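**Student:** Would you mind keeping the following structure in view while I ask a few things?
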Amino acid sequence: MEKLLWCFLTLVSFSNMSDQAGMHKKAFVFPKESDNSYVSLNAQLKKPLKAFTVCLYFYTDLSMTRGYSIFSYATRRQFNEILLFWSKDIGYSFSVGGDEIIFKVSDIPVDPTHLCASWESSTGIAELWVDGKPMVRKSLKKGYILGPEASIILGQDQDSFGGSFEKQQSLVGDIGNVNMWDYALSPEEINTIYAGGTFSPNVLDWRELTYQVRGEVHVKPQLWP
C-alpha cells in the first residue's frame, strides 16, 4: 500500500513539475473560459527591475466580446506589477506598479498578434508595439522599481499574488514566444524580434522556458510564422 501511494505521489509530482525542454515553435492553448487554468512561468532573474521589455504572440477570438489578460506579473506588494490586458472597446491596457495607461487601437486583434511592451524607470517612458508598429509613447510610473520574486502567469489576471482569478478575465486561445529582458529594447531590436530574431532574453527565454501548468492547458505547435 505504501509503495502504491509513493508511486501515485511521484506521478502527480512529475505531472506538475517544470518542463525543462523549452517551447520553441510551440504555444500554450487555453481551450475554454476558466478560473483555474493557467501557466506559471519561472523567471531566470529574481531581482528588482528598473526596466523591462516583454514580447509575445497571442491569438484569440474574444476581442470583440470581452477583455482578457495577456501577461500578468505580480509581486507580494503589488499584484499588477506588470499587466498587459485587452479591454473591450478601449484597447490595450498596460500597467506598471498598479498604475495603468491605455493604448487605443483602430484594429481589433483577430489574427495572431505580436506584442512588445517596454518600460524604464529613469524616464517613465512606456512603449507598446503591435505587429512591429509602435504606438505613441506614454509616461508611466517614473522612478518606480519593480519588486523581486514575481509570480508570472499566462492565461489569467492575478488579483492577488499567484491567485484570485476570474473567468471573465481569462484568455481563451493561444499564447507563445514569451520573452522578457531586464532592459528596454531599442526600436531596431524590437523590429528584429518581430522579424523572428532574438537578443538572448535574460528574464524569460521561451526556448529554455521552465513552467508549471495548472488546469486545462495544452502545448501545441504554434499557429504563427
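The first residue you see is number 1, and the count goes up from there.
Keep in mind that glycine also has a Cβ here, set from the backbone N, Cα and C atoms.
Pasting the feature list from Swiss-Prot:
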{"type": "BINDING", "residues": "Asn80, Gln158, Asp159", "note": "Ca(2+) 1 binding site"}
{"type": "BINDING", "residues": "Asp159, Gln169", "note": "Ca(2+) 2 binding site"}
{"type": "DISULFID", "residues": "Cys55-Cys116", "note": "disulfide bond"}
{"type": "DOMAIN", "residues": "24-225", "note": "domain 'Pentraxin (PTX)'"}
{"type": "SIGNAL", "residues": "1-20", "note": "signal peptide"}
**Student:** Taking the center of the Cβ atoms of Asn80, Gln158, Asp159 at the recorded Ca(2+) 1 site, which other residues in this chain have a Cβ no more than 8 Å from that point?
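**Tutor:** In sequence order, the nearby non-listed residues are Ser72, Ala74, Phe79, Leu83, Asp157, Ser160, Ser164.
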**Student:** Quick one: of the binding-site residues Asn80, Gln158, Asp159, Gln169, which has its CA closest to the CA of Cys116 (disulfide bond)?
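**Tutor:** Minimum Cα distance from Cys116 (disulfide bond) across Asn80, Gln158, Asp159, Gln169 lands on Asn80.
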**Student:** Which residue, of the disulfide-bonded residues Cys55, Cys116, has its CB surrounded by the fewest other CB atoms within 10 A?
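**Tutor:** Least crowded of the disulfide-bonded residues Cys55, Cys116, by Cβ count within 10 Å, is Cys116.
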**Student:** Would you mind reading off the Cα separation of Gln169 (Ca(2+) 2 binding site) from Gln158 (Ca(2+) 1 binding site), to the nearest angstrom?
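**Tutor:** About 10 Å separates the two Cα atoms.
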**Student:** Can you tell me how far the Cα of Asn80 (Ca(2+) 1 binding site) sits from the Cα of Cys55 (disulfide bond), in Å?
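**Tutor:** So the Cα of Cys55 (disulfide bond) lies 18 Å away from that of Asn80 (Ca(2+) 1 binding site).
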**Student:** Compute the average pLDDT of the predicted model within the domain 'Pentraxin (PTX)' (24-225).
**Tutor:** 96
**Student:** Within 10 angstroms of the C-beta of Asp159 (Ca(2+) 1 binding site), what count of other C-beta atoms is obtained when all protein chains are considered?
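**Tutor:** Taking all protein chains shown, Asp159 (Ca(2+) 1 binding site) has 14 Cβ neighbours within 10 Å.
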**Student:** Measuring Cα to Cα, how many Å separate Cys55 (disulfide bond) from Gln158 (Ca(2+) 1 binding site)?
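**Tutor:** If we compare the Cα positions of Cys55 (disulfide bond) and Gln158 (Ca(2+) 1 binding site), the gap is 19 Å.
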**Student:** Indicate the candidate from Gln158, Gln169 with the smallest number of other Cβ atoms within 10 Å of its Cβ, considering only these binding-site residues.
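**Tutor:** Each of the binding-site residues Gln158, Gln169 was scored by Cβ atoms within 10 Å; lowest is Gln169.
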**Student:** Give the helix, strand or coil assignment DSSP yields for Cys116 (disulfide bond).
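**Tutor:** In the DSSP reduction, Cys116 (disulfide bond) maps to strand.
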